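Copied over from TrEMBL, here are the features:
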ACT_SITE  458  active site, proton acceptor
BINDING   457, 461, 480  Zn(2+) binding site
DOMAIN    175-352  domain 'Aminopeptidase N-like N-terminal'
DOMAIN    386-603  domain 'Peptidase M1 membrane alanine aminopeptidase'
DOMAIN    689-1008  domain 'ERAP1-like C-terminal'
REGION    1-43  region 'Disordered'
SITE      542  site 'Transition state stabilizer'
TRANSMEM  113-132  transmembrane segment
Ligand SMILES: [Zn+2]
């Protein structure tokens, strides 16, 4: 699966001039029913509150923190209603989410005592159920039956004991083949299903346990005889109990059921869109990864239960149906319906099953023995050709690279109008967002870069994930890290003009940032609960996974990496693996006497990454490694320090370096394997300077002694080309990280940045802009307007002439476009260098010409954001948003709409994107992200998230990447104690509906880091900026 995050480099919009509300806004009661569009009139309903959200000129930090009373200051800031909904949080399992309203009556003492006793009793029973077996959530270790446990089982829906006590299914019964018949009714939004599962009993057992969720099961037969089924809803399991042990052998289990087509984005869900004639069209599609196949048909829904599937779909004649395999037959049924039958699938995991019933049309081409097709809604049929050509080229590449041909005779790529992830790699039927598959006639190479990336990622999954699958979700990185790495590698080879190299470098920086937090986790992590499974779809699995594979490939020589991968695929095709299997295959081909397994385990088993400190005395270089943790220093908590020290890890680092005599070509690279805490490297000759981590191919950061930094900076000031642009970008990235951790002062950061006036390359410039933009936003959100203004001057001073020299014309290279869009977005948001005037001019020309005059696609968002700041411009953009049939243009328009500083409009967008009217709910995370970039709306957005938490988690699963994105967008710019307390209180109040998420720890940690950075640097910034 490809997650869909908003882009990495959100640039600030200057709020200095506009930060004081032109009109003091009344606080809007978010809980009230929203005004229906339009906003342009005065009829938008507002609920003035007695308190103002922000008092003109009074920023949060004007409060004395010592005297700060949380309640009163929160009230002053209009936040007193922040926990209003917390009392209503349900405490049911996140699986069931049963609603109950808590009474507000104050209980008597007696009631309280009785209540506490009951709670203690219930808690004890739960403890007994969960902990007595000692292995409730593990697969291993439960082999011996525990006679004392026989009677302690969960209670099924019917009141009888449910015969299984674990989240993972028992291994005694294995599915061999599924026959699935489904009839979705797109008028009633329901479906009828019947599944016949041929099961193999591996060990004698009295029970068959499998998954099923949200279904009305009408009839179950086993070997043709009707049997009774038990259901335990919290774990989404059903079971059939037999009076006698089932002997080893094969049996047939039949289940008939009905269910609703889901309204969220997983399971078998309904989706709709309005065509260009204004007619509403409906369709049904699937998204099963990770845990939603069980919502479409009862099944053994774990990746290791691979099986064959034969699928039949009943539909009306106007629709087509698609599934993983080619259609083998269509039968006419009564009532004008038709039934499509698809060929028997290859052996695969349940999460890869897929089917669609829709009015799509497609185009096709053949690659070797495979028919490749791209499908979309009819209105967008002229936007599919690019994807088809790209998919064909990449399929050819992978067939050759893996020396293993894609095994199916067809491969469909389908653009779904309503889709949450970026894309999903279902075997033979890959589903995409429209944005990640369709390319319009005026799309730029940057738009194509996104589409190509996602296609390359999903195609790589056909081998990594589909053919060879991780055994359990703890090793999700084997799927995602590999697909992410292959996406960059394949595009660099097949489409070098797309400049994926720089993109991959940014991805590594992003992964480093996240992994430097104490709340991060090892690449391979124990997971049990559904929320933990959802949380694995994060930067560590994808981006760190890809980064450590790059580091390994850069360490191995002579194509050993590819050889090892080919061997791994040959050996484990159609089966399941763990990380170790991959390392073993790579160790076997390595001629360097390198134990890949030993080295790589240090990168997958420990969380975080090392900081390498380099100290040089003449030709002797002392190298030291330590776990780089942003919060490790300055902690006064001895216990925390102890925990950090005792968990500190050693990595096997294939440390690379270059020096002043040879520093840019690959042949200059030298390698030193640092395995211990400290080591000494003796240089053969005297050198002026050393730069470690060549091209930032390794997943670590480097700190030099004072002399080391000075020599590097001096060298760059003399001639920037003494280092590759990736090395220059890495120096910038590393010094900002070191400053954040407190290891260097901000003065040192500015020292390095002095060289930037001579810089012309995309990677270092965009990294510098990203880092400075982040600091600007923190200052801005703290209402440190004076400092923010000085930061603006600093950026103007260092980047201004480059900003001015950018062209606003159509198309240049991807690298040039990436650079100019970053520079101009920054310039327009800071309102410097005449950028806004130019953007406004372009927008007017475009609008007047009825879009025949083109705005370069890479500048569209910048231009639209400027236009969105007036009522007139905003109205025009809303109209464009509603009628555009180009999804990429639409998303840029939406980001611009959300960049408005008009609170009424912000509220309206928030409400419309959550309820899915006008703005699709799939865009809600993007909307939150875009609003939170600006001063005007970020507190409203945060309030909105809190007020609507239950609604949000009904749409997006707890722990999912959408929820991760929403939380980080809303909270990552807080830097005060008030906000910290408030954030902690809110998440604590969620109980089982989110308080345990790792992303919550990450959010809290980020706020604390921001606070510490501000504390340390505010005064320094006054002096230095
Ligand atoms: Zn993926």
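Each residue, glycine too, has its Cβ placed from N, Cα and C.
Feature map: TrEMBL annotations on the structure.
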{"residue": "457", "record": "Zn(2+) binding site", "CB count, 10 Å": "30"}
{"residue": "458", "record": "active site, proton acceptor", "CB count, 10 Å": "29"}
{"residue": "461", "record": "Zn(2+) binding site", "CB count, 10 Å": "27"}
{"residue": "480", "record": "Zn(2+) binding site", "CB count, 10 Å": "27"}
{"residue": "542", "record": "site 'Transition state stabilizer'", "CB count, 10 Å": "30"}
* Structure fact -> Keeping only the recorded positions of 458, 461, 480 whose C-alpha lies within 10 A of that of residue 542 (site 'Transition state stabilizer') yields 480
* To do: May I ask for the distance between the residue listed as 'active site, proton acceptor' and residue 480 (Zn(2+) binding site), taken between their Cα atoms and rounded to an integer number of Å?
  => 10
* Additional residues around Zn(2+), ordered along the sequence, whose Cβ is within 8 Å of the centroid of 457, 461, 480 -> 1, 2, 425, 458, 460, 464, 465, 479, 482, 483, 484, 486, 487, 542
* Structure fact -> residue 457 (Zn(2+) binding site) falls, by three-state DSSP, under helix
